[in-house]
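If you look up Swiss-Prot, you'll see C35-C40 marked as disulfide bond.
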Amino acid sequence: AAAQHLCGSHLVDALYLVCGEKGFFYNPKGIVEQCCHKPCNIFDLQNYCN
């Protein structure tokens, strides 16, 4: 999976896709730092799933 910058609604959409029915813990400070300011990949996103 290619790392990419995900910000705002794109980041939320990606979390819905990755986490599905499990849902996710949205901690803007942590995930924006990791995935918006820097590129992140699908494995990084999975860390935020419930």
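Along the chain as shown, the residues are counted starting at 1.
Just so it is clear, glycine is given a Cβ too, placed from its N, Cα and C backbone atoms.
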_Protein Cβ atoms within 10 Å of C40 (disulfide bond), excluding its own_ = 22
_In the three-state scheme derived from DSSP, which category covers C35 (disulfide bond)?_
helix
*Near C35 (disulfide bond), which residues of its chain come within a Cβ-Cβ distance under 8 Å, counting only those 6 or more away in sequence?*
H5, L6, C7, L11, A14, D44, L45
